[in-house]
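The structure appears below as structure tokens.
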Amino acid sequence: MKQKVAVLGPGSWGTALAQVLAENGHEVCIWGNKPEQIDEINTKHTNKHYLPELILPTSIQATTDLATALVDVDAVLFVVPTKAIRSVAQEVAQHLKTKPIIIHASKGLEQGTHKRISEVIAEEIPAEKRQGIVVLSGPSHAEEVAVHDITTITAASENLADAVYVQELFMNDYFRIYTNDDVIGVETGAALKNIIALGAGAIHGLGFGDNAKAAIMTRGLAEISRLGVAMGANPLTFIGLSGVGDLIVTCTSVHSRNWRAGNLLGKGHKLDEVLENMGMIVEGVSTTKAAYELAQQLEVEMPITETIYNVLYNDEDVQQAAKEIMLRDGKTENEFTLDF
């Protein structure tokens, strides 16, 4: 059944998801706050800054007016930076006339509160103005989705029927969705993998080989699982698409902003230079701070996250940081046991 979807955020991922929805026959309106970008989408059907080669379906409309984007919508898809989630959700709540499903595909933790994105949205959009909230996450580069490369991700909601709705909304012959009811696990994996990707990029920038890259990914996954379980997640989620799947794709590809930023840090560039060079939001930088603070609060050991925090915020030398983490006291590998 044809649905009307408002896509909030015309970045690379928002644009790619809008394309999927339009190609599936849905009515799509993209909202953004840059008039020149919105005009480009409407008149040229391109978004050159983010996806230079993509020609968008002509059925996609775009607007800078949020109220217009939200008229008669069946679903609202948030794809804005984590730092903008609360303010955009507040605005959305003012304009909603229908009770749409809320979907978000952003990855991070809110600064200061350390809250997951679905928690922030739930606080700002009252239950009487919406249906459930669904998290869309997994191993997915926008650049590959835009050219129809096969991609599989997860739709997670406490209400599985809402996750199934999103599954049916997006699925086609190149974009497959699996459902999950572990919202905490899916959101935690989505946010924290960006931290580990910064480290993986730094490892590459320092000139280390595959052994080191494998080490940071596997021990990074242990940290993600450790914090996630402390927050109430199912540990099995972290060996799925939104856990190890997203970690692999983010830690091994030049498409990953966080990997590229880490690579520059490993080559000796300062954080300010790196962010200026990137020209796009690098979610892992702010997420590192939030995760470090949350780990302290929950008394969860996260040595890789702590090391990356010190590099980013205490100006610790990357080479020295790599040595220090290797010289920590010995540990056991297995932390969780599963009863079958």
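Even glycines carry a Cβ here, placed using N, Cα and C.
Long-range Cβ contacts of Lys34 (NADPH binding site) within its own chain (separation 6+, distance under 8 Å): Pro10, Thr64. The feature NADPH binding site is assigned by Swiss-Prot to Ser12, Trp13, Lys34, Lys107, Ala142, Arg257, Ile281, Glu283, with sequence analysis given as support.
DSSP classifies Lys193 (sn-glycerol 3-phosphate binding site) as helix under the three-state reduction. Close to Lys193 (sn-glycerol 3-phosphate binding site) in the fold, though at least 6 residues off in sequence, lie Lys107, Gly220, Ile224, Gly243, Asp246, Leu247, Thr250, Cys251, each with a CB less than 8 Å from its CB. The sn-glycerol 3-phosphate binding site annotation in Swiss-Prot covers Lys107, Gly138, Ser140, Lys193, Asp246, Ser256, Arg257, Asn258, and the record cites sequence analysis as its basis.
As annotated by Swiss-Prot, active site, proton acceptor applies to Lys193, with the evidence given as sequence analysis.
The Cβ of Arg257 (NADPH binding site) lies under 8 Å from the Cβ of Met278, Met280, Ile281, Val282, Glu283, each of which sits 6+ residues away along the same chain. Neighbour counts of Cβ atoms within 10 Å were compared for the binding-site residues Asp246, Glu283, and the top value is held by Asp246. In this structure, the CA atom of Ser256 (sn-glycerol 3-phosphate binding site) is 12 Å away from the CA atom of Ser12 (NADPH binding site). For Ser12 (NADPH binding site), the count of additional Cβ atoms within 10 Å of its Cβ stands at 22 [all protein chains shown]. In sequence order, Trp13, Thr151, Ile153, Asp246, Val249 are the residues of the chain that are 6 or more apart from Ser140 (sn-glycerol 3-phosphate binding site) and have a CB within less than 8 Å of its CB.
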